[in-house]
Amino acid sequence: MIKRILTGVAGVGIVAGMGFLWYAWWPAIPKIAPVQPGQFSAEKIERGRIVAAESYCVECHTRQDNGGGPTLAGDYKMETPFGDIFSSNITPDPETGIGNWSEPAFRRALQYGVSRDGSHLLPAFVYDHFTKMSDEDISDLYAWIMTRPAVHMTRRPNGFPLSISPRITLASWKLMFFTPGRYKPDPNHNAEWNRGAYLAEGAAHCGACHTPRNLAGAEKLPGQEYDGGVVDGWIAPPLNQNNPTPVVWTEDELYQYLRNGVAPLHGPAGGPMSPVAHDFLATVPESDVHAIAYYFADKAHAAERVSGDKAALEHAMADSKKDLVGFSTDPDARLYQGACGACHYNAAPAPVLGRPELALNNALWLKEPTNLYLVMLRGLTAKEGQSGVAMPSFYNALSDKDMARIAAYLRRTRTTLPPWTDLEKKAADARKLVEPPVNSSH
Ligand code: HEC
Ligand code: HEC
Ligand code: HEC
């Protein structure tokens with residue numbers, strides 16, 4: 001009896017193992033002769049440009065450290081808990097790029113995370129989102145990529161333990177966390193909603209930053225979709241109804257933020273969110289950005305939650321002026337007024353565009369003070385947030401203790417949330433994430 005069960009278990013094991021090897025194994029797709037750029041129509045290439053902008057291919061495939069690199073030639077560094085990863089050269093160079101990839105090979109990479117030679121690719125290449133893209137969009141994208149200048153350039157080797165690289169390890173990861181398949185329209189919603197969902201879930205991969213990840217680096221789905229994540233040390237706030245800002249992200253606030261990099265009530269898109277708006281969503285059809293805003297406003301039930309906005313806005317405007325009236329005896333209020341108050345004050349009825357009202361900005365309302373610290377330490381360039389408007393860096397002007405006092409003061413006087421803890425240590429941790437400004441004595 002026992003033996004039979006054991007044999008049964010072994011049998012299941014063997015079949016499962018064979019199934020897994022079948023799942024893990026992909027054939028190489030033969031190389032092709034370099035593609036003739038003239039074969040694609042100008043309209044197709046332009047459609048491909050838009051798809052590329054909506055999926056930030058250029059961002060992740062262009063080196064930014066070491067003085068920058070040629071567009072799409074790869075070697076972009078991504079820091080992960082498992083080690084540094086460098087992206088591939090995806091220019092049409094036949095030797096170091098993808099110049100001899102056929103369209104089916106290109107499509108398979110995006111939709112299944114498999115390279116032309118059959119090896120599994122790292123999920124840092126967000127194919128868990130790109131798998132939702134339509135064949136048509138990928139065909140247009142192929143035309144755009146294949147008509148970019150070819151660049152001969154090799155990337156740096158990935159710097160993580162070898163145990164992660166073999167294709168079997170990656171295949172196991174994919175078996176557990178990756179569900180290939182195109183986006184399926186939801187018949188309960190209209191065309192604009194479905195267009196927004198198609199873009200957000202697929203090409204624009206908003207969840208890659210805004211959904212928390214588990215220990216294996218996979219998004220916690222389903223369950224914690226858009227519940228907030230961490231990227232390059234920054235908190236990417238929740239985009240669902242758990243977003244903590246006192247004024248709701250309405251469709252219009254979302255649209256302006258995504259299109260112009262600044263929302264009238266909430267403030268600027270800083271850090272890793274800045275290129276999403278300025279370099280990419282600013283260059284695509286307006287209707288697509290409206291669709292994304294429509295989708296997220298609906299998902300977060302914005303329309304049902306706006307009733308408190310008017311009161312929250314009035315409250316914030318009253319707080320904003322508070323410490324300007326007379327001389328405060330609170331030393332923290334005076335530190336804040338001296339360092340920040342000259343720029344960050346507003347009067348009713350609403351904040352001035354480009355002068356964010358801190359009482360409404362997420363930096364004060366998130367679970368941790370990280371974003372507030374990162375903004376104080378590095379400032380914001382004229383490119384980020386409101387175009388042409390900058391915030392100076394306080395890297396040298398404020399000590400960790402000063403920053404901790406300002407953070408505690410703002411949290412206490414501008415929000416209704418419990419105080420942050422370990423503020424000075426967290427200030428020191430945030431400082432480690434920031435490059436000292438040039439000419440710094442630190
Ligand atoms: C979030 C960053 C990120 C984005 C966005 C991104 N990629 Fe990548 N991509 C990577 C990384 C990292 C790799 C390398 C994966 C590896 O080494 O296994 C990669 C690999 C690839 C490969 C495989 C190349 C090869 O030689 O095997 C192709 C093709 C590719 N990307 C195309 C694209 C296209 C097209 C887009 C835009 C739709 C895009 N990528 C957007 C990070 C990204
Ligand atoms: C590369 C990572 C990344 C991607 C991709 C990304 N975001 Fe963000 N997002 C961030 C970060 C980081 C912040 C915080 C920026 C700040 O505080 O200035 C942010 C902020 C936001 C905010 C402001 C939230 C608040 O309460 O202040 C909204 C809205 C937003 N993102 C929407 C989106 C949408 C929609 C997409 C997809 C189209 C997207 N993001 C894609 C990283 C990302
Ligand atoms: C010289 C004017 C000036 C001073 C001083 C200043 N800021 Fe700012 N701050 C700005 C401007 C302008 C922006 C919006 C920038 C943009 O849109 O690109 C901003 C943005 C911010 C944001 C929003 C960041 C985001 O990504 O959402 C925070 C938070 C902030 N400042 C905090 C502070 C704190 C704290 C101090 C004091 C230590 C301070 N600022 C001092 C001008 C200033």
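The backbone N, Cα and C atoms fix where each Cβ goes, glycine too.
Database features (TrEMBL):
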TRANSMEM  5-26  transmembrane segment
DOMAIN    43-149  domain 'Cytochrome c'
BINDING   Cys57, Cys60, His61  heme c 1 binding site
DOMAIN    191-414  domain 'Cytochrome c'
BINDING   Cys206, Cys209, His210  heme c 2 binding site
BINDING   Cys340, Cys343, His344  heme c 3 binding site
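Positions of TrEMBL features highlighted on the structure.
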residue: Cys57; record: heme c 1 binding site; contacts (Cβ under 8 Å, 6+ apart): Leu72, Ile90, Leu141, Ile145
residue: Cys60; record: heme c 1 binding site; contacts (Cβ under 8 Å, 6+ apart): Tyr76, Met78, Ser87, Phe125
residue: His61; record: heme c 1 binding site; contacts (Cβ under 8 Å, 6+ apart): Leu72, Ala73, Gly74, Tyr76, Ser87, Ser88, Asn89, Ile90
residue: Cys206; record: heme c 2 binding site; contacts (Cβ under 8 Å, 6+ apart): Ala200, Tyr226, Leu239, Ile292, Phe296
residue: Cys209; record: heme c 2 binding site; contacts (Cβ under 8 Å, 6+ apart): Gly229, Val231, Ala236, Pro272, Met273
residue: His210; record: heme c 2 binding site; contacts (Cβ under 8 Å, 6+ apart): Tyr226, Asp227, Gly228, Gly229, Ala236, Pro237, Pro238, Leu239
residue: Cys340; record: heme c 3 binding site; contacts (Cβ under 8 Å, 6+ apart): Leu358, Ile406
residue: Cys343; record: heme c 3 binding site; contacts (Cβ under 8 Å, 6+ apart): Arg355, Met391
residue: His344; record: heme c 3 binding site; contacts (Cβ under 8 Å, 6+ apart): Ser320, Arg355, Pro356, Glu357, Leu358
Seminar exercise, completed: In the three-state DSSP scheme, Cys60 (heme c 1 binding site) belongs to helix
Exercise. Near ligand 3, which of the binding-site residues Cys206, His210, Cys340, Cys343 have CB less than 6 Å from any of its atoms?
Worked result: Cys340, Cys343
For this session: Would you mind giving the whole-number mean pLDDT across the domain 'Cytochrome c' (43-149)?
Result: 96
Problem set entry | DSSP-derived helix, strand and coil totals, residue by residue, for the domain 'Cytochrome c' (43-149) | 45 helix, 12 strand, 50 coil
Seminar exercise, completed: Of Cys57, His61, Cys206, His344, the binding-site residues whose C-beta sits under 6 angstroms from any atom of ligand 2 are Cys206
For this session: Note the Cβ centroid of Cys206, Cys209, His210, the recorded heme c 2 site, then list each other residue of that chain whose Cβ lies within 8 Å of it, in sequence.
Result: His205, Gly207, Ala208, Thr211, Tyr226, Gly229, Ala236, Leu239
For this session: Give the three-state DSSP assignment (helix, strand or coil) for His344 (heme c 3 binding site).
Result: coil
